[in-house]
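Only one structure is covered here, and it is reproduced in the block below.
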Amino acid sequence: MKFIDEARIEVIAGDGGDGSASMRREKFVPFGGPDGGDGGRGGSVYVIADRNINTLIDYRYAKKHMARNGENGRGSDCYGKGGDDITLRMPVGTVINDMDTGELIADLTEHDQKVLVAKGGAGGLGNLHFKSSTNRAPRQKTDGKPGERRMLKLELKVLADVGLLGMPNAGKSTFISSVSNAKPKIADYPFTTLAPNLGVVRVGPGKSFVIADIPGLIEGAAEGAGLGHQFLRHLQRTGLLLHLVDLAPFDERVDPVAEARAIVGELRKYDESLYEKPRWLVLNKLDMVPEDERRARVADFIERFGWTGPVFEISALTGQGCEGLVYAIHDYLVEHSDAHRAELAEDLASDVRFRDAPGAGGEPHERDAGAH
């Protein structure tokens, strides 16, 4: 199914039914008094989060969603039937905003979370309500109220603990397939990844985290170049960013330091809060660098890049250094997360959008040195 992470829809709640101005008419009861019933309430529009859905594609084409109107009241004190509510199912992680006011209506972060987005109109009152000691035969009644009508902007932001950054062909998809059971498309050409890939990484019983790979960024992404700018929003919920760098590009004219600086620049231009997130440097494809050159090449990169944070040396293809990185990530998340992060990871592990997998060889990852 095609991945769609943004849509605009109109939701229209039902109008309330009108009240009835009816008089009781029965044989031998010439002055029966008022018996007009109330109108039924209009149907409301709700959204509910469903972890079995992973795209907003249903709302890319079905743009108008209407609930039924309430029925009018009738005589003999008959109340109108209320309009049926409608429920729109959306992926967990969907953010809903009112397009006219900019109001944040809902942030669907939990499975089965239900939110009212358009309230049905109240039913009108029948003339029975207007009877008094001085007005025994009232003719007044009220009309039903109109239901709410809203234009909504839907944005899907995936729920992940860790996000991967990097140029196209930095090895992000290979890395996520190496440490989890996600199966992204992998090839030796740019923009192989066209939509976010997610995987649950298990490091032991009850120890897991969710990792997200988005399409690679290129210079100018913040202004719309390439593909990655469309998906940077998916990194906004993460607690840690991994900046993957190809330390052995096929094209010798490519400078990894210049590419790394471009990524950081695009991140800052797109969202300052993303730039401020904790970020680790992961130097990938070291299996392509001769052993006697590795230390010097790593040191040269770190010096020219001016990096002072955590650095990991890995080969996503062979798995070298990946286990140590996985354990370091888990330890960091446990130390810096709130109390319910582990519970959230377990909930996400059961989500069909995420592939739950043990470590390499079917066993939990064993610790491996790799951080500087």
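Positions of Cβ are set from backbone N, Cα and C atoms, glycine also.
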Annotated region 'Disordered' segment (source Swiss-Prot; candidates 128-147, 348-367): 128-147
Per-region confidence, the domain 'OBG-type G' (160-334) (mean pLDDT, whole number): 77
Within-chain partners of the region 'Disordered' (128-147) [C-beta distance under 8 Å, separation at least 6 from its ends]: 12-21, 23, 31, 33-39, 42-44, 67, 69-70, 72-73, 77, 118-122
Ser173 (Mg(2+) binding site) and Ser315 (GTP binding site), distance between Cα atoms, whole Å: 12
Ser173 (Mg(2+) binding site) and Lys285 (GTP binding site), Cα-Cα, nearest whole angstrom: 13
